[in-house]
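Swiss-Prot lists 1-26 with the feature signal peptide, giving sequence analysis as the kind of evidence. Look at Swiss-Prot and you will find 67-80, 100-108, 103-111 tagged as disulfide bond.
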């Protein structure tokens, strides 16, 4: 009887571990030498919708305003150092989330 209980606990533990591993898989987007997570692109869109930077800062700085947001995901920060940051971030924003989550878009990996 003790071995059945142990076997039952191990089975439950295995199922829990599988569910946790499945939840940690992420879809990555590779674009112009940068690799970012789809979740980061979703957060980028949300940050841009909520943040309005000062017009003076926009006039002085060639970087997109969102690059100065303290909550910008770490994997997007290297893009902000590029001279093409605005166009790269724009391209990432326009990638359809559904296409990446379904792995239709060739730039998306990790499905």
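Cβ from N, Cα, C; glycine included.
Feature annotations (Swiss-Prot) mapped to structure.
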residue	record	DSSP (3 states)
67	disulfide bond	helix
80	disulfide bond	helix
100	disulfide bond	helix
108	disulfide bond	strand
Residue 100 (disulfide bond), number of other Cβ atoms within 10 Å: 22
Residue among the disulfide-bonded residues 80, 103 whose Cβ has the most other Cβ atoms within 10 Å: 80
Residue pair residue 103 (disulfide bond), residue 80 (disulfide bond) - Cα distance, angstrom, rounded: 26
Disulfide-bonded residues listed as 67, 108, least Cβ neighbours within 10 Å: 67
